[in-house]
């Protein structure tokens, strides 16, 4: 099962306690704005086709309205902050490493850390609950397949399985291009990422009007102490040094590389480790929602490389330094961390050496830009790995695109 049923009652008490102890806190919008926001959000959600929610889904959705924690410790955020979003699943042995690394990042106390959960897992929640080094806000994907034990988007008794033929088995579902039916624990990866993007950019009070960059990292990304300061430098240099760059990256697109070590900036294809972009780029991505939602691959990043980025009509470059500020260290795939407890365990032992050069900004403003062209990797023409052929998943994905698309809940396009 996706969620331990014994945790549900415990979660219910925890939710009520959290709601009662934090309801009185203010989050920056005044009460009138907050009331208008809630009304607009309710109207917007009523206009899209979303699955019927169970009690747990509704409770988690209420948690998303809570203000950030640690407001007493960090009452003021920097005006030029780069918000950090941590996309997590259920690998607590990895998450602890990432959180420990973030605690050492210079400048992290100046910004807001948002942790986006794919379902509710107590071990993951405990780690985030212990954060004291910055403002932190948790959000929970309320339509995660892991929350629905007997209905879509989780597993339904009528669902086709494996390579079932629907007309013969009298089951429900559309196979992917390879003849395989949906696996809820696999499709959750793409659903979560797309829900998170729409929610962070267009749904949350704390971020829906943010015009600066937002950094996205994952639970198996080790972040170096200089990452935030380096990213501030990159985003400030990008308009002049690489005006055609869509994003800034903390790490090379080749996850096995630690960088060239040159005295130059690097422009290359956007990587999936520590990537940051602004609202202008988000609008371009959101405009390709149909391409994203209908491409038959359960991986969000491959979907972006193979169909969304190529549709922009020009190379999608990202600017980075020549020495990495983040490292991908995971050996268990995201889908392996779900399901049975300890389904994939490498005990989270990480041996990443942090040198003195990784503790201070190491990017110079007078560096020129070296551009990598025609790099290998997924691109237009790749058909996808499948796992995303069910019409229900595709239309749920599109519904996420429209959840906040009323006049009041999102910025104008």
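The backbone N, Cα and C atoms fix where each Cβ goes, glycine too.
Per TrEMBL, the feature substrate binding site maps to 118. DSSP assigns residue 118 (substrate binding site) to coil in the three-state reduction, placing it in neither a helix nor a strand. Residues near residue 118 (substrate binding site) in space but far in sequence (CB under 8 A, at least 6 apart, same chain), listed by position: 88, 89, 90, 141, 144, 146, 188, 189, 192.
The feature disulfide bond is assigned by TrEMBL to 160-171 (among others). Cβ neighbours within 10 Å of residue 171 (disulfide bond), excluding its own Cβ and spanning all shown chains: 16.
Positions annotated as Mn(2+) binding site by TrEMBL: 220, 328. For residue 328 (Mn(2+) binding site), the same-chain residues 6+ apart in sequence whose C-beta sits under 8 angstroms from its C-beta are 220, 221, 222, 251, 255, 273.
Sequence-distant contacts (6 or more apart, same chain, Cβ under 8 Å) of residue 242 (disulfide bond) comprise 265, 267, 317, 319, 369. According to DSSP, residue 242 (disulfide bond) sits in a coil region rather than a helix or strand. TrEMBL lists 242-245 (among others) with the feature disulfide bond.
Every protein chain shown contributes to the tally, and the Cβ of residue 397 (disulfide bond) ends up with 22 other Cβ atoms within 10 Å. Taken from TrEMBL, the feature disulfide bond covers 293-397 (among others).
One residue stands out among the disulfide-bonded residues 160, 245, 293 for having the most other Cβ atoms within 10 Å of its Cβ: 245.
According to DSSP, residue 397 (disulfide bond) sits within a helical segment.
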